């Protein structure tokens, strides 16, 4: 039974045949036209450098006209404003500057008209060539970072990025570190920058020993490129990177002091604080808390330490245990940081603490039987009974024998000091030593009363030694038993201890000196026999004694000489038989005789300075005769001589003096200042004896005469700028006679004396002159100092420092030698507003000259014009002028333009017309900066952009950018700040209707490098079914601080791609596999279509879908101009791109189709046909004729279809299906023919593809099971299904079959490919 779907298809097919017949008469119009002109083939594109100047010839429009008609040329389009064209010649010149960075490529429409035909138009592509007109720009102007001090050398510190919109070498950026702050030796090369802008550490950091922060001045430059036909290197403005160094825990703690010491009493209570130690973290920037511990101690347990570092007593102390350690306890205190260091270890440090334990008086003195220092003071050595021995009548202070006693108190200082005393029955006969001791002492018992120590009276004596603590008064007692030894205790004795005897010095040998001296001995017998002798000594060779009588006589009278020795002391000894002896002293005096003359000692050479020098010399003389007698009394006298009247001598003392001042110049020069005096010395003996001595007095010359100048003042004149010339001569003389004192040296003083040189010249004995010169390297400057008041001094070298002075006045004559100078204050910058805002004088340049006759004028040397610190050459020449008096005037007020130049630098100098030709007449150049103030005289303007904005409503979401605009304003500051807004938004449908869409879009503004960008975003979702264009009008308005704002507008076309362009691609693979291959699928589709592929959805087909399609992909294919591909266009493009086609088939592509059902399109087509038929009724006659023609064409078409079916049957190896197919459909019927195989050779025939509607998915379409055999060339035969089969068996998919055949290499024989379709076997003609 035929389906309604099949009838509808048949009706459409008939309509397609009738429609051309109806419209044919309207198209049959005969037109005879002039041949239009034609552009040359090369008029499709042109390349232009962006630095072309305005007015430059860029290209020619050339067209040919077969009729030789006059041609008129024109340029139109969005970017036509860049050019002007000579309409007659076709010459094209540049009317607006090109900018590669703003617009790299655009199209214009060129046209030519011959006046007869419609203008011929052609699209021409303009490619803008890049030039190096941009400097690199850092993407940020303020950088800061922080790094760890332990950052390894070579590590990345920071990365900067500078972009240069130029291309080629002009767009390649290299980076430099211009300066490192602080500018120290160790930070100069601390960092380095790599080619990619990475700043790496080049040396080690240290938070404590180096700076904790650095500032790097960075610069970026390109590698240079052509600009205005020269090689130019562009560099960015410097930016600064601030680097902070973070401290890391890499250092051990440090104690505040290198060592600690304290003291504590040995009786201190437990927990008593002794000393506090303190340590701090070595890492200043971290300051980690520190804990303390005692890691080592000489006396463990005695002390403890708290968390605050305070050391306390933790046990009882005993100083006496520390005697060998010098009463000190050494503690090792360790400070440990709370947290681990960067190496995962404890950070700690140690120090030694010395604690001195102070003594307390807790011991009393005790006695020990030992001898220091070999005492160990053990309890075994302590005792209180001792034994000793002593001879009777032992001398006082002699210690008794065999006593080894030591007293010891272990306390210290006053606590260890004790007193020793004696007690007992015989204590008066002895004493103890020492009486006072500290610590320890050897104790001695001394004989105090020798007479009490008498063997005949007492053989044994007892004493007690008492030791008493000087502080506590505690005592210890030791008993000493003393045994006496018997001795010979009586000896001879002399009645007198001294005998004085007298003998003349001229006595003869044998003369008796004395015979009355005798000794007595109470002993008798042998012990009482006395023998005399003189003990060895001075005089035993002059005197002798009789051993038995004791008489003393002269032994040798010749040797007696009182002058050699006046008194002799002899010891006379008397010895008894027991060896005991006694002695007495003999004092023998020799009587004097005058036998010696006076003796003068030494030589006398006296040096005395003249004038103030005095002679005071004692003549040393003596007489060996007996003193204080006439024989030894001396008298001094001065013998007459040439200069003796100038001296005197005291007769008794021998003191020689000068009578008055001595004058060196009064002495005969031949004597050299030497005077010889003769002094006589005589005694008063009988007869008197005398001696003479010469005294030489040398009178030394002194500098007692001052130099004298021949003038009291000198006047000299010299020109400035003269050097090495003689200014004048001064002369002086000195009256002193010696060369040392009359030698004259000159010196110069006074303000400016260092500008002169004084050279001394000796003229003769005592005379000299001083030559006043200018040094070769000194030039006097009249303007600095025109008069010098100097003091010249003449002096004799020597300690006296005597000098004479004279005044020297030097007058400097002026020479016009100084260049003028500009007054710095007059070169302070000024501001001038642009566009004729100011007129007349705006500044006054002033100069000065220190010369007396200067005549100055101000000269303008150069004018430097800059815009944003970039030289803009001579654009500002003539804006300002400078008069000779320094007045600065505005010359061209209306020409001043901030946008062309924002700063004018007037380079001026001062010129002295009267300057001496030998010297510089010009001042150094000075600069007067003039800042041009901006006026809001420029409106914003949109930058040309060839972008086409396309919206796929199904994909975009609110707040997503859909378009953008860029604008500039040549003003600066607020005058150049742009704010975007949307004035109007409308939707222009394809049918021409306009719908307001004001609230659909919003715009936001942001800027970069003086380019303001407006980002246009969606506010709400768009209707995906609408077809048309959104026209959005954007306004750019500046924001001046003063005056009205200026604005510009632009209208953007946002093309929409509606759902009618949504194409569905079916794949034989699963959704997951298609998703994993989506990038390859998109790349293949983009390669084939040269469009942007927007994938909407990837899903699996449901169970009722065609057997070969397991998943589908919905996508849009959009060109950059906003147009999209239809299904048929997509099919043709895929067919033409063989490589992409093969790749898509390998990725599983099986079917192309439209997502929407085609029924709605067919309904619209039927409506159109009905309308056409209605119109055709008006042309009844024409319709009848054309109907006959159409019937004939239909008949011939059926004949061709039948022939095609016969040809198909010849190539088909299968069996006919049970029923014929309906022509033009995939349904089987016994009527009509199927014309589907009557296709062009290059047509994929995608018209046979069905829709993806549900009704189609469940149809018994004979093409649903068609497939393409990609694996072999075997012949596929569609066999007749059994009559009882509910559905036909699967057939090869025609699309795959045809595509595979298209993809096969040319010349390759394709065998085994056939179709079986009963619809082609119809006999219905």
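A Cβ is built for glycine as well, from the same backbone N, Cα and C atoms used for every other residue.
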Inset, instruction - When you get a sec, could you say which of 1165-1191, 1192-1218, 1219-1245, 1246-1272 is annotated transmembrane segment by TrEMBL? - result: 1165-1191
Inset, instruction - Summarise the model's confidence over the domain 'Cadherin' (256-367) as a mean pLDDT value. - result: 87
Inset, instruction - Taking helix as H, G and I and strand as E and B in DSSP, count the residues of the domain 'Cadherin' (824-942) in helix, strand and coil. - result: 4 helix, 53 strand, 62 coil
Legend entry - Structural state census, the domain 'Cadherin' (256-367) (DSSP three-state): 7 helix, 50 strand, 55 coil
Legend entry - Structural state census, the domain 'Cadherin' (495-600) (DSSP three-state): 7 helix, 43 strand, 56 coil
Legend entry - Within the domain 'Cadherin' (717-822), residues counted as helix, strand or coil by DSSP: 7 helix, 53 strand, 46 coil
